[in-house]
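Notes to accompany the following structure.
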């Protein structure tokens, strides 16, 4: 009871951060399973397999990964200099606009427009919301409690996914986008009213009279130096260097699987919105239990490295079961491994935070998220055509989930690197010129 009270004491100051983020995640998650039906109906009417949707998702993920390599480190550093709150307001607001289009019209032209605007939204928000939130937590929570609090946050993330999928399962399809938009609008409004800024030291404002164009040119001019300094922090630390490789290979496999999984299940087993929501709910329910209850109890006993390695091993089993699925019930069985593999993220956050000084939390989290975005850039190049090929009648042999099996190899590499990971408490402090100050 004393342990639970201590964690709750640490989490209580984060309420005005976590509550709107949970609403945001619910609003996003409730659209995922419906989007499969909406895009397939618009792009490939009366067809069981929609290769066009798979390719468009792959192109979207590639473009997003390309731009996120620059945008994520930039947002991370700006969060360190200009504050967490304005960056959070920016990133959560971008998600509203794509779903307005689909609530208005779901024709082929509007679906294409949705993908364009959603790509811009993903560039700004995908990964960056979590990175800035983690940096906010590091400002508020003491170092020895961060692993437990990170697990609570990812547990709330999973709980939000469950609630989002419950709404998707039982709400009529015509209401889903409207409800999602209302929830997405609520989030930045709530943050603006109640969220407290944690960064007091801001960059000097002596250049307030400069034009917006001048500030943009300044940002571009200093971008290379900023990324070089962030890379130096990561490369100089054996822990951060290794965890970057783990994150890269894990996301290379998992992002590839995520981009095609729902379309694969629809084509291979004929799953509809309800069945896809049920599988996503099973993953979410199991991960809530593991992140909120299991991880905070187990972490002090075995440490982040053991948890990370075990979670990576579970992710390999998860991928192989999906790839080799021979009956409609096998994906439901595979979903149970979400109880364990979901712990990759909180254990990674904890390792990065422990190895990074307080002034560099946003910068390092953003840089490693940028490394992950490289994997998001690369994975669709192989996953989209490979998935489409093995789902078609021209496949060289009968294994519709062959691309998912290939993706599991990347997670095997991540597991091997994690087993050799050496934990170091702190990276060296670095002093960097603020991004928006006078040269």
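Cβ atoms here come from the backbone N, Cα and C positions, even for glycine.
Since the structure is predicted, the reported quantities are computational estimates derived from the model, not experimental observations.
Among residues of the same chain six or more beyond the transmembrane segment (87-106), those with a C-beta under 8 A of the stretch's C-beta atoms are 17, 20-21, 24, 27-28, 31, 38, 41-42, 75, 78-79, 113-114, 117-118, 120-121, 124-125, 128-129, 132-133, 136, 177-178, 180-181, 184-185, 187-188, 191-192, 195. For 87-106 (among others), the entry in TrEMBL reads transmembrane segment.
Feature annotation from TrEMBL assigns transmembrane segment to 112-137 (among others).
Taken from TrEMBL, the feature transmembrane segment applies to 149-169 (among others).
According to TrEMBL, the transmembrane segment annotation covers 175-195 (among others).
Taken from TrEMBL, the feature transmembrane segment covers 248-267 (among others). Sequence-distant contacts of the transmembrane segment (248-267) (same chain, six or more residues past either end, CB-CB distance under 8 Å): 32-33, 36, 40, 48-50, 53-54, 57-58, 61, 275-276, 279, 312, 315, 319, 322, 331, 344, 371-372, 374-376, 378-380, 382-384, 387, 391, 400-401, 403-404, 407-411, 413-414, 417.
If you look up TrEMBL, you'll see 279-299 (among others) marked as transmembrane segment.
Sequence annotations record features per position, and here TrEMBL assigns transmembrane segment to 306-326 (among others).
What TrEMBL lists as transmembrane segment is 332-352 (among others).
Long-range contacts of the transmembrane segment (364-382) within the same chain, counting only residues at least 6 positions beyond its ends with a Cβ under 8 Å from a Cβ of the stretch, are 57-59, 61-62, 64-66, 68-70, 72-77, 79, 127-128, 130-131, 134-135, 227, 230-231, 233-234, 240, 243-244, 247-249, 251-253, 255-256, 259, 349, 352-353, 356, 403, 406-407, 410, 427. Residues or ranges marked as transmembrane segment in TrEMBL: 364-382 (among others).
What TrEMBL records for 402-421 (among others) is transmembrane segment. With a cut-off of 8 Å between Cβ atoms, the residues of this chain six or more beyond the transmembrane segment (402-421) that come close are 239, 242-243, 245-250, 252-254, 256-257, 260-261, 264, 305, 308-309, 312-313, 315-316, 319-320, 322-324, 351, 375, 379, 382-383, 386-387, 390, 395.
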